[in-house]
Amino acid sequence: CTCKDMTDKECLYFCHQDIIW
C-alpha cells in the first residue's frame, strides 16, 4: 500500500493489516 505520510503509524498499521490479510 502507499501512505502519504510514512510516519503515520495508523496508516502503516492498516497497510500491513491489508498485506497480512
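Each Cβ is built from the backbone N, Cα and C atoms, and glycine gets one as well.
Under a cutoff of 8 A between CB atoms, and with a sequence separation of 6+ in the same chain, the neighbours of Cys15 (disulfide bond) are Cys1, Thr2, Cys3. Secondary structure from DSSP puts Cys15 (disulfide bond) in a helix. Summarising the annotation, Swiss-Prot assigns disulfide bond to Cys1-Cys15 (among others).
All chains included, 15 other C-beta atoms sit within 10 angstroms of the C-beta of Cys11 (disulfide bond). The feature disulfide bond is assigned by Swiss-Prot to Cys3-Cys11 (among others).
Look at Swiss-Prot and you will find Trp21 tagged as site 'Endothelin-receptor binding site', backed by similarity to another entry.
With a 10 A radius on its CB, Cys1 (disulfide bond) counts 10 other CB atoms from all the protein chains.
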